[in-house]
Every structure is written in C-alpha cells, then in structure tokens.
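Student: The structure follows.
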Amino acid sequence: MDGMIAMLPAPLQKLSSHIDFQGQKVAERTYQVILTIAGIIGFLVGFWTQQLSYAMFTVLGASAFTALIILPPWPFLFRKNPIVWHTPAEPQESGDKKKETKKTK
C-alpha cells in the first residue's frame, strides 16, 4: 500500500489512508445496512414496475453511493479511535544461549 501511495502526487501523499478497528466496524455495518435496504427497495421497484433493469439500477446506484461513503477514510467516521501501539521490547537472551556461553568459558 505504501508503494501505491508513493506514486501519488505530493499533496495527495499527505492524506492518511488508514482507519482504526472501530472505524472498520462502522464501515462494515454501514455497508451492510445500505446494501440490504437498497436490495429491498430495488426488489420493490422492480416488482412494482415489472422492470428488472430498474431493480438493477437501484442496487447499482446504492452500491456507488455506498462506495462514496465507505472508501475514503473520513476522519469524522473511521478515524476517531487511533491505535496506540506498544513500544518494542528490548530483545532478551534466551536460556539456551546463556547455557552455551557458560560452557565455552
């Protein structure tokens, strides 16, 4: 992903493309709700007009709308809870290495 971001123009490289775990949960739930409602509405529109194309266009339009909402990492939706990483621990010698150093002396 970093390689793809490096190919973008300089102003776009400054934009963050990461979302947190809570943001992923919100994005997934939003995606499910919108597409489920769109499927029901698309079915009803297609049934009422007896046109399968109207049902398909309704669902495709809702899919495009969902992509517009979900794909950008909006800071007010998907980046409210930043991840705090632990600092890396110092490497410690294992018990086997300590025994080997004692034997060589």
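Just so you know, glycine gets a Cβ as well, placed from its N, Cα and C.
Keep in mind that this is a model prediction, so the values were computed, not measured.
Annotated topological domain 'Cytoplasmic' per Swiss-Prot: 1-32, 78-105, in sequence order. According to Swiss-Prot, the feature transmembrane segment maps to 33-53, 57-77.
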Student: Below 8 angstroms Cβ to Cβ, which residues of this chain, lying six or more residues outside the transmembrane segment (57-77), approach it?
Tutor: 16-19, 23, 26-27, 30-31, 34-35, 37-39, 41-42, 45-46
Student: Can you tell me the mean pLDDT for the topological domain 'Cytoplasmic' (1-32)?
Tutor: 78
